[in-house]
């Protein structure tokens, strides 16, 4: 693991330089994706089937997955997995229900009513990646907040495969309450959701992670439909003092590192002794990990140990990193909550190991990455609603407002705006 | 004005076809914008000055506008305009304060704490368009919600001009509480905010409307920073029955039409008689409008009168249009509130003329356009905060969760995730 030392400014400069190096220009992908989207707009289902043949080597008769197929898949999944998914669902639902927002009405001004309605999106698309790793937990995390928001129809798309969609993915979709599933992946899957085809209904918003083609397609259809954040490689930041447990810290860093060779695992500590112990533990624990190669490469290339003098510096630097996951393994962790400005999901104390959030606690595991926690939020119920403003004025209230409105409208050169109010008094 | 009649399905099909025709492919602009952004990343202030010379024909010594310049501009603005802006500010603040959200903490489960923090963005950029029309009201609408959210630094950028930035824009910035103003517009202004230069600090989010270069640049920097929605041409939809006042309706339709030749003004009514009267009124009122040419072209090309049989059909069609502004000029308008599924800002009754929302009531006038009210919200305090999740587990609570976590982690092939929990019990 690479060590960074120095004062706060030096460390931040070093981190900034590293961030710049990871910025990629993917103009070629953008052009390919643009063509795929146009093709789907023009040829609909036919284009989807052609791309499935070309990219996934699957010849599809039917794009949609039948209820029967889903039920059979569900039955094939081990009962303890079903039970674990159901337990996770219960926690996800109870946490996300706290996020529900309510309409408000303000009647403080005479003859004036001003309010805000919270309205669910009508139809949402969820992208579920294919490939070797099937993540049923992500299906729950993307779908359940939409259900709680009151979305009427949730459509899942996922790449086709000769072996069929993994049973556990279909089971998770059933448990979460997905309404329709289509086997179509990549940029063509996103295009289908954004523009609709004969079979796939156009949605209002698309969520869910995917590869570079999926991410690029989401960015291109942004505006035609809503999208969630663009997900980057996973990250964990851990703040620890000298009494923290190096075994736990190493294990949590590795749980992030095993995701992806680009995953970032960062420890900031004021104890060089702890740092040394964590490094030793990482070597020890790595030895027997099934995904050793991935985790090792991630730790070597993107693992960082940052040594600082004070706890204050820990937070200054970590707030600049704005990690997706933040573990606070300091004595009396709750006392530092107010120091945290930027982090997707915060885990306090030595028993709030990050995987508890991935699988069980009920907080969402779809989180802002690559420093975007400075402006993005975890996926939540708020992502599946939109607000409408409501205004009512009596004639008397409008009379009181008339001068201000007409002065400003005329100052902006918008005479028809002024007259729209004045004609009510002629 | 073009009339549309028929059953709901026929009308929706016709509207959909019209929407397709307005989709533009702006690949050339995208390429230009990409180059501008790269140039700003590499050459900073120097690039900004070069583009100001090239695009705005202004040779700049200093990018920033001094406090002195702002104070002098403020003093030159007519006192009644300052008073109207102050009155508008008061209403904007009192409305948006109702949007403030609070942290929550959930302690229902033994040994578990799950919560959500609401944290303000640290730094926000506001783009203010230049050109002939100066819109001080938009400065208030973009800046005040950020102030209420608790944003620490608000940076405004606006194109330079040989005559200087309009006094009223600088005055509005002062009233709203903008922290810094830079005279740089177009894609280069967006790039400066997104990546930072020697003079302009990198922000976390960029809001504010602009031309096609600004909109394209915002889309391209999306992900590096947050952005608000991409604004399209302005729209109004009016629902009216036979007892509505054709004078008011015509005036409100025209107040939208005068914005832009692409502005859409749509009346849906069950009274052909009212529709005919509204058309006559539009002709009469147009005759003396200063912006007659713009409004006339908008009405001719994008004005629509839709005749339906029932009030139910009015809402079905209008929900599909998802207008930026919606006026409900029906008898007992509040009784229809629950029928509205998609609309940016709703105006109820004959005295809630749309310009009251543009200038005075305090609801935001930065609204989702072009049907995006299906998934976007008005600009609000929620656009300037992000959430962080908080999780705390005791050892006992983690013990209860252990099986579910390890079963799911192993099912997903993520052994290090399972071990991170298990190592706490070895």
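Just so it is clear, glycine is given a Cβ too, placed from its N, Cα and C backbone atoms.
According to TrEMBL, the feature NAD(+) binding site maps to A:127, A:188, A:211. The Cβ of residue A:211 (NAD(+) binding site) has 15 neighbouring Cβ atoms from other residues within 10 Å, across all protein chains displayed.
Residues or ranges marked as substrate binding site by TrEMBL: A:234, A:256, A:259, A:325, A:358, A:412, A:417. Around residue A:234 (substrate binding site), a 10 Å sphere centred on its CB holds 25 further CB atoms from the protein chains shown.
Residue A:259 (substrate binding site) counts 22 other C-beta atoms within 10 Å of its own C-beta, drawing on all protein chains shown. The Zn(2+) binding site annotation in TrEMBL covers A:256, A:259, A:358, A:417.
Taken from TrEMBL, the feature active site, proton acceptor applies to A:324 (among others). Residue A:324 (active site, proton acceptor) counts 30 other C-beta atoms within 10 Å of its own C-beta, drawing on all protein chains shown.
DSSP classifies residue A:325 (substrate binding site) as strand under the three-state reduction. Per TrEMBL, active site, proton acceptor is recorded for A:325 (among others).
Between the C-alpha atoms of residue A:234 (substrate binding site) and residue A:211 (NAD(+) binding site), the distance comes to 13 Å. Proximity to chain B (Cβ-Cβ distance under 8 Å) holds for the following binding-site residues out of A:127, A:412, A:417: A:412, A:417.
According to its DSSP assignment, residue A:211 (NAD(+) binding site) is coil.
Ranking the binding-site residues A:188, A:256 by the number of CB atoms within 10 A of their own CB puts A:256 at the top. Considering only the binding-site residues A:358, A:412, the Cβ with the fewest other Cβ atoms within 10 Å is that of A:412. Nearest to residue A:256 (substrate binding site) in space, judged by Cα atoms and limited to the recorded positions A:127, A:188, A:211, A:324, is A:324.
Excluding A:127, A:188, A:211, which define the NAD(+) site, the same chain contributes A:129, A:157, A:159, A:185, A:186, A:187, A:189, A:190, A:210, A:213, A:214, A:217 within 8 Å (Cβ to the Cβ centroid), listed in sequence order.
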